[in-house]
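K.L.:
Submitted below is the structure of interest, expressed as structure tokens.
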Amino acid sequence: MTQHTSLLDTLEHGLRELDAQGLRRRRRTIDSPCSAHMVVDGRDSIGFASNDYLGLAAHPQLVAALAEGAQRYGAGSGGSHLLGGHSRAHAQLEDDLAAFAGGFVDAPRALYFSTGYIANLAVLTALAGRGTTIFSDALNHASLIDGARLSRADIQIYPHADMDALSAMLEASDARAKVIVSDTVFSMDGDVAPLARLVELAEKHGAWLVVDDAHGLGVLGPQGRGALAEAALRSPNLVMVGTLGKAAGVSGAFICAHDTVIEWHVQRARPYIFTTASSPAVAHAVSESLRLIAGEEGDARRAHLKHLIGRTRSMLKETCWQPVDSHTAVQPLVIGSNDATLALQAALERDGLWVPAIRPPTVPVGTSRLRISLSAAHSDADLDRLNAALQRASLDAQKQVQESTQ
Ligand SMILES: *Cc1c(COP(=O)(O)O)cnc(C)c1O
């Protein structure tokens with residue numbers, strides 16, 4: 001008995017420490033579909049928290065496709081992809097994904113996963129192992145960090161987007177095999193990696209280049225084909241990861257690369273092999289989402305999103321805080337301390353605006369921020385509301401600073 005108590009005590013002590021540091025997370029419960037206007041913890045709110053950049057998550061055509069998929073294929077897949085769970089819907093989606101996103105490589109093929117987290121574990125453990133060195137951007141997503149660790153490769157972290165540092169590390173390395181890995185659009189800063197330089201370095205050093213386009217797919221490039229298409233890059237060294245729960249509005253993820261790379265994953269990637277295939281209905285809905293993204297409706301939504309991004313950039317410059325130079329749907333406002341960030345989040349919440357505070361370990365200590373996430377579902381009136389609340393909070397914060405220095 002006493003043994004039990006002390007185990008729980010350890011955890012409770014840890015939780016109290018999180019409270020003391022302003023690092024305890026609390027989940028909000030949402031009672032509405034994901035859209036610009038949501039019911040958050042029972043309150044009508046304007047949400048600036050989702051990654052639903054094109055506002056497709058509750059699109060009637062996707063809802064209908066999900067229902068149609070369930071009618072046709074049932075609710076569950078029943079097994080892993082290699083043992084009977086790979087349905088016609090998964091196979092069709094993989095063809096659709098390769099056609100949609102695979103323009104960066106000859107003989108493109110795609111492999112569908114139930115989440116981006118798992119896809120990143122798969123790609124890094126399949127391409128890297130003992131004797132490999134993984135070169136990883138300092139601000140990469142947690143799933144890439146965890147995938148690198150799981151691979152048992154050596155890991156070298158280069159300063160964020162610093163291509164001279166990366167070049168020097170590659171020069172100095174005598175690893176048998178090399179993998180460079182980077183987000184395309186960085187998830188908490190919204191900036192875009194120097195992709196052309198990355199491709200150049202990967203080819204020069206015979207390295208794989210894994211890029212995670214979670215925040216680019218659907219948003220960047222012609223027809224929303226992603227960051228590689230936007231930069232018009234092509235290379236056999238490239239391996240792209242895309243996720244389908246963000247701009248695509250459904251869920252899941254994929255790896256796209258040369259056919260041989262994908263076949264290697266089917267044979268060797270444990271996070272692909274040892275898990276149940278997601279519901280075929282979900283795959284069926286994602287195929288419909290790709291048609292929306294690539295079509296005129298997608299173009300219209302991207303144009304509106306671009307307009308909202310421009311407006312947000314100018315309005316953030318007028319606050320007393322530090323905006324990050326981002327041209328994407330991720331618009332961070334760096335506040336600094338956890339407490340001040342939480343206070344701002346709470347002030348906005350009182351105004352019916354749900355803008356999440358992002359704290360360590362998601363971002364470096366001292367750079368806690370609000371992450372304003374824009375969606376084509378937002379109207380200009382929604383942005384007016386956010387702007388009014390932010391400028392009010394900014395004046396309050398400046399007043400407080402003046403009072404404390406008098
Ligand atoms: C969201 C995200 C993932 C994880 O994708 P899920 O489908 O949510 O598991 C991976 N990489 C990046 C950069 C992300 O932002």
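Heads up, the Cβ atoms here are built off N, Cα and C, so glycines get one too.
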K.L.:
Which residue of S136, S187, S235 does TrEMBL report at the same pyridoxal 5'-phosphate site as G116, Y117, H215, T243?
P.N.:
S187
K.L.:
According to TrEMBL, R25, H141 bind substrate; which of T362, T367, T405 is also listed for that site?
P.N.:
T362
K.L.:
How big is the Cα-to-Cα gap, in Å, between H141 (substrate binding site) and S187 (pyridoxal 5'-phosphate binding site)?
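P.N.:
Cα-Cα distance, H141 (substrate binding site) to S187 (pyridoxal 5'-phosphate binding site): 7 Å.
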K.L.:
Near T362 (substrate binding site), which residues of its own chain have a C-beta under 8 A away, given they sit six or more steps off in sequence?
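P.N.:
The answer is A142, M188.
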K.L.:
Less than 6 Å between Cβ and the nearest atom of ligand 1 is the rule; apply it to the binding-site residues S187, T243, T362.
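P.N.:
Checking each Cβ against ligand 1, the ones under 6 Å are S187, T243.
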K.L.:
Is any of the binding-site residues R25, Y117, S187, H215 within 10 Å of K246 (N6-(pyridoxal phosphate)lysine) (Cα-Cα), and if so, which, in sequence order?
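P.N.:
The binding-site residues passing the 10 Å Cα test are H215.
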K.L.:
With H, G and I counted as helix, E and B as strand and the rest as coil, say where DSSP puts T362 (substrate binding site).
P.N.:
coil
